[in-house]
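Here's the structure we're looking at; comments come further down.
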């Protein structure tokens, strides 16, 4: 037996296997995941595993390694989140999201830090040795809402799209703020004196970290799109580039102390449309499937490890500090959301309701990022107290808030996500309104959202597509792509229901004829004159009326895509 | 800049990126890969890279780490090979393959070992310090044909299926022999005296290593199939199990000093049919795609590293030893193939032609496995000589043999792989003949290939399918599955050519009607009586004659699959 030799890959494989089997186990009993979120179940499995390891070895089970978490487990989840981010609601609410992510997080950090410092001044609690800086450092790691935890819970409760993107977008973009504040306070802790220059440098650094991340991400995303232009002859390695470039963007950002999460999201969102157009259908299926698979496994592993790492002797218990941490986390977040939403609502027609505000505040779950950051703290006397407080906050938010949020959403009758996809009519109208609003903004000289979107679209079709797409001379409008997709899906459904054969054999069967006439032959059998006649009728009767329809674009003339749209409308009726 | 922190994943990603970009680069110039095999080009890139590293650092570039090769790079390639192994030609020629793999490899090891020992006795060559055992050890690592190199070359030359499986199967299965002989001689080298017991133990160990590998592989394969029974609700992690279980089988076999290659092949071949039936279509696409992608990247990395590792100061040059090694490798392989084929041809009707024999002998390429094994040798005086000889043999076989084998195949007019897939008629006849031969063998009491195949099929449908398949009560015959696949493909083609819409809208357009009648409505419109009538006609005219056809099975009565077959035949005609 030579276990040493294969230990590393063997144990990794076994952990992944355990995670996957645990997932299968939960889903065998359908009732369980509908009551308890999967994240809670996984932490529970982790706690049991940790208990077993602790019992057998009689020493603390290994805690989740911070490097493993940040370098290997987090990127797949963020990549998945960025790649499947619904870009329309995200960009529509980008202002609000940034406000929550930046101002809200800073508010929480300082709120929690200063009020915990206040608690430390109470002599009875015996916490006087915890300095203000240490409290602020702790605040900076505990304040940030965790994207992994938020995703795990919000994916199951199906709230409306806007609410979802507000909480989830905040949890992703606050990474830049967290990184800056955490590193700032950590370096302040080690400095003898703090000058005001350092504070200003910190503020400047925030922009560098966030915008630098976006820049790194977009650079790699565009390179990825450019690379997939040349993969026509070796389809099989196409999916690889999507993963390689986005991972490189994350690592590069981390290397330069920028926000890796922001970088990978920018990379994924930037490359998505070009890569999708360049790679084959099967490659795309593989990319989507593998992304989902990878993020799902990472997610599972994170929660299991969170459970395992909780068990052990890393904790120093102090009732007041821990209880007040939980309370302050809840209170400051609620206050922050109330105040910020008040300002947001003053500038928006489509306001955030008080129910939504409650869910935003209540959905501020903490997770593995806090946990990893607290272990990364430099060693000092009260580190174990901070670890205990962080663990309690995470378990409280994931278990108590995570388990009660679904009943609360039901109880409050929060507006849910609409079940059905928007109809083709709706999609066309949305596009039409976009163009209309862009035109209005252009005329009125107002540089609003639609103006910039339109400018970007123009830049994209004029320069980027030519550079990044393989067949840029035939840009397909998204509606034609949708039509193709529908047709393909419909054809597969027909084939699977066995109706394709029926359709094709009907004419021949009725004639008691033994040869099946396919549609090809049918076409051949028709006289060219008849065919022309058909197309004439088609053009006159079907297309004429609607030709004045919603095909307005400021940069293109109505062109060849018309018939496809018509067929789509007709098909939609007939389905 | 914090490079240390991200170094490991960053460098791995960069190497993979380099490999992928090199692959794209070759394919941009279509003429290049058609003349020079990709493996040669990649080694060439590696040599250049190695030269650059050597020039910049002024020390040998890092050699390929043996652990990385055996634990991370080799398994994906072997898994891919096992999963896509054409099982019919493999099992039809299993006897010949095993003969080549076991007896042929032993023949080569001892032939090369003893004749090199003879060379070492020539005083002028100054090699008297290389003992017989060391020569045999060297023979055991240089004798084995390399699956990675064989696959890379034979995939491009398209020889006939039997020839391909003979060379490729041998290269895979000789792993068990290589492992045993290599470890045996290595331990003999370290023993003071060798007893005859040890030699017999070695012979016994060979069976343990080979059959143990098969057993481990099949166990994990069946477990994988069983696990995928329960993944219906979480389709997204289905592909994971295929990879996890096969990797575990490899690692477990390696852990117990069994043949990991044999184990992973047994696992892949064992689980394939059950897993494919259990998982969804998209999961299956992902599995296939990712396997190909992974193996292709591993393959690329191996050849690049082979090139990089060649550069450096690890070599001790001795003209006679190195030249005679190359000559003996060629001569002993040629002799072995001639002798073994002579015996094989005496027992087979379908003989191996002399052209085929030449290609088998000439296709004995060496590759990264030899290279890794020679670096694993315990340190002794002449290790650098062995490294140099191995490098030369690999470069000679990959460059000279690999580049000339394609022109030789053309020149000799070796029978090629048939381009078209077998027709449905052929498939049905092959199946019919299988059943017929199984019946004849059963009656005549001869326990031949067909008898065992039939018994296995019976065991499979009676027990294994019930245990391993999710919907075991409706086992679909492979011909129905083929039909479904054809239908689906046809439907997608129709949809992509835009002809599906035409078919459906034709009737209405001719009637100048604006509503498109789909086939559903058409069916609704038909009177139930008419429909019944149609089915009556269908049954009477189309199916009656062929009902006495090739649907014989010893264990099942002709059942519901008839109509599907008929439709398939008709469809095939019409396509």
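The backbone N, Cα and C atoms fix where each Cβ goes, glycine too.
If you look up TrEMBL, you'll see A:17-409 marked as domain 'Cation/H+ exchanger transmembrane'.
The annotation domain 'Sodium/hydrogen exchanger regulatory region' is assigned in TrEMBL to A:523-575.
Nonlocal intrachain contacts for the transmembrane segment (A:12-29), taken as residues 6+ away from its ends with a CB within less than 8 angstroms of a stretch CB, comprise 38, 41-42, 45, 49, 296-297, 300-301, 304. TrEMBL lists A:12-29 (among others) with the feature transmembrane segment.
According to TrEMBL, the transmembrane segment annotation covers A:35-56 (among others). With a threshold of 8 Å between CB atoms, the same-chain residues lying at least 6 positions outside the transmembrane segment (A:35-56) that come near it are 18-19, 22-23, 26, 149, 152-153, 156, 300, 303-312, 395, 398-399, 402-403, 406.
Packing against the transmembrane segment (A:68-85) from elsewhere in the chain are residues 147-148, 151, 168, 172, 243, 246-247, 250-251, 254, 260-261, 264-269, 272, 291-292, 294-295, 297-299, 301-302, 305, 368-369, 372: each is 6 or more residues past its ends and has a CB under 8 Å from a CB in it. The transmembrane segment annotation in TrEMBL covers A:68-85 (among others).
The feature transmembrane segment is assigned by TrEMBL to A:97-120 (among others). Residues 90, 127-128, 130-132, 135-140, 142-144, 165-166, 169-170, 172-174, 176-178, 181, 206, 320-321, 324-325, 328-329, 332-333, 335-337, 339-340, 343-344, 360 of the same chain lie 6+ residues outside the transmembrane segment (A:97-120) yet bring a C-beta within less than 8 angstroms of a C-beta in it.
Within the chain carrying the transmembrane segment (A:132-153), a Cβ under 8 angstroms from the stretch's Cβ atoms is held by residues 37-39, 74, 77-78, 81, 105, 108-114, 116-117, 120, 167-168, 170-172, 174-175, 177-178, 181-182, 184-186, 188-189, 261, 299, 302-303, 325, 329, 332, 363-370, 373-374, 377, 380, 382, 386, 389-390, 393-394, 397-398, 402, 405, all 6 or more beyond its ends. According to TrEMBL, the feature transmembrane segment maps to A:132-153 (among others).
Here TrEMBL flags A:165-185 (among others) as transmembrane segment.
Sequence annotations record features per position, and here TrEMBL assigns transmembrane segment to A:206-227 (among others). Counting only same-chain residues 6+ beyond the ends of the transmembrane segment (A:206-227), those with a CB under 8 A from a CB of the stretch are 102, 173, 176-177, 179-180, 241-242, 244-246, 248-249, 252-253, 256-271, 274-275, 278, 464, 467-469.
Under 8 Å from some Cβ of the transmembrane segment (A:247-268) lie the Cβ atoms of residues 70-71, 74-75, 78-79, 81-83, 85, 147, 172-173, 175-176, 179, 183, 208-210, 212-221, 224, all in the same chain and six or more residues away from its ends. Look at TrEMBL and you will find A:247-268 (among others) tagged as transmembrane segment.
Below 8 angstroms of C-beta separation, residues 15-16, 18-20, 22-23, 38-39, 42-50, 64, 69, 72-74, 76-77, 79-81, 83-84, 148, 151-152, 239, 242-243, 367-368, 371, 394 of the same chain, each at least six residues beyond the ends of the transmembrane segment (A:289-307), sit close to that stretch. If you look up TrEMBL, you'll see A:289-307 (among others) marked as transmembrane segment.
Sequence-distant neighbours of the transmembrane segment (A:319-347) (same chain, 6+ residues past either end, Cβ-Cβ under 8 Å): 95-96, 99-100, 103-104, 107-108, 111-112, 115-116, 119-120, 122, 125, 127, 130, 142-143, 357, 360-361, 364, 366, 385, 388-389, 392-393, 396-397. Summarising the annotation, TrEMBL assigns transmembrane segment to A:319-347 (among others).
Long-range Cβ contacts of the transmembrane segment (A:359-380) within its own chain (Cβ-Cβ under 8 Å, at least 6 residues beyond either end) map to 63-64, 66, 69-70, 73-74, 100, 134, 137-138, 141-142, 144-150, 153-154, 159, 163, 166-167, 175, 178, 182, 186, 189-190, 302-303, 305-306, 309, 329-330, 333-334, 336-338, 341, 352, 386-387, 390-391, 393-394, 397-398, 401-402, 405, 408-409, 412, 414. Feature annotation from TrEMBL assigns transmembrane segment to A:359-380 (among others).
According to TrEMBL, the feature transmembrane segment maps to A:386-409 (among others).
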* Integer mean pLDDT for the domain 'Sodium/hydrogen exchanger regulatory region' (A:523-575) -> 46
